[in-house]
Amino acid sequence: MCASMESTLLSTIDFYGFINRKEISSMMLRLHFNQTSLPPATFFLMGIPGLEETHLWLAALLSTMCTMVLVGNSLIMTVIWVDPALHEPMYYFLCVLACVDIIMATSVTPKMLSVFWSGNGIIGFTACFTQMYIVHTATVVESGLLLAMAFDRYVAICKPLHYNVILTPWKILGINVATVARATIGLTPLSWMVSHLPYCSSHAVPHSYCEHMAVANLVCADHTLSNLYTLLGSSAVVGMDVTFISASYSLILQAVFNLSSKNARHKALSTCGSHVGVMTLFYLPGLISVYVDSWGEDMLPVHTQVLLADLYLVIPPTLNPLIYGLRPKKICQGVWNTMATSLLCHHCVNSKKERREFVTVDIRPTREI
């Protein structure tokens with residue numbers, strides 16, 4: 001059976017000269033299931049069910065966004081590390097946020113690209129749950145960092161004279177450690193519960209990465225506890241963080257409206273508006289995905305649910321370097337200074353090398369004489 005399916009797969013590719021993505025993915029899925037014994041050693045990621053014909057376009061878009069994530073966030077981390085003028089609390093938080101964005105994006109995009117480009121959605125049991133743990137931990141860490149950055153802006157604008165007293169280096173380190181610890185401790189029980197459930201039904205995950213709800217729906221036992229843990233945990237984390245973020249920006253806006261300068265008010269409102277926009281793109285799709293999976297799977301088509309879950313992992317890491325990083329004048333100046341220094345050093349090295357070569361060429365005939 002498996003041999004005949006493999007020959008059919010190869011003949012389909014050879015006869016038509018190209019891969020029929022939907023048909024080949026279906027064949028690979030059937031072949032994988034026929035070769036897999038229980039308990040399952042692997043899952044099969046289906047990508048975005050119902051949108052198989054657009055997978056190549058999505059792969060091109062995802063590749064572009066992933067490149068922007070890597071370049072933009074790496075540049076911000078480098079500039080903050082190199083420039084002593086940027087060694088301030090706000091930029092420390094931004095540096096950690098850039099690192100988390102890179103981890104979040106790279107934990108899912110390689111496999112998503114493999115699914116979209118070639119239809120190869122096979123992923124190992126351990127790899128799947130490792131990806132799930134990293135993705136959900138990174139999202140909780142990012143939520144905590146957005147709260148920390150909102151608090152930083154509140155102190156800087158509303159209590160500028162006490163800024164260096166309130167946000168000392170040790171307190172900044174403590175906030176970052178607490179943010180990571182909250183995510184790690186909160187997600188460990190969930191990962192343990194999901195990974196120890198019996199997966200004895202279909203191994204096809206109707207998603208482009210190992211999202212918790214999509215994987216948990218494959219078990220042949222009661223997984224109400226893990227779903228309830230996810231629902232309550234997400235609601236508690238997002239509810240608490242969004243409440244404090246909203247309170248911080250409300251106090252910031254009150255202070256901004258008391259400014260006498262219209263330009264200062266316009267600048268502050270523009271900055272706050274862009275921050276709120278990025279936060280909305282981060283929180284809203286994730287919450288919709290969680291609540292729809294828990295209560296109303298028929299409210300939205302499957303491909304819409306998967307797209308929403310994909311968006312909140314890819315779009316915020318792409319926009320964060322532009323909104324939080326390149327808009328502040330200090331970072332823009334630091335980027336230009338770093339690039340100018342690199343180009344100048346490269347030019348100096350090349351000039352010295354050319355000068356040495358010229359001297360060597362000029363001296364050799366003299367020695368011969």
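First residue shown is number 1, and so on along the chain.
Every residue gets a Cβ built from N, Cα and C, even glycine.
All annotation found in TrEMBL is predicted automatically rather than curated by experts.
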As TrEMBL has it, transmembrane segment corresponds, among 197-220, 269-292, to residues 269-292
Contact yes or no, the transmembrane segment (304-324) and the transmembrane segment (57-82), 3+ Cβ pairs under 8 Å, gap 6+:
yes
Criterion met for the transmembrane segment (269-292) and the transmembrane segment (89-110) (at least three Cβ pairs under 8 Å):
no
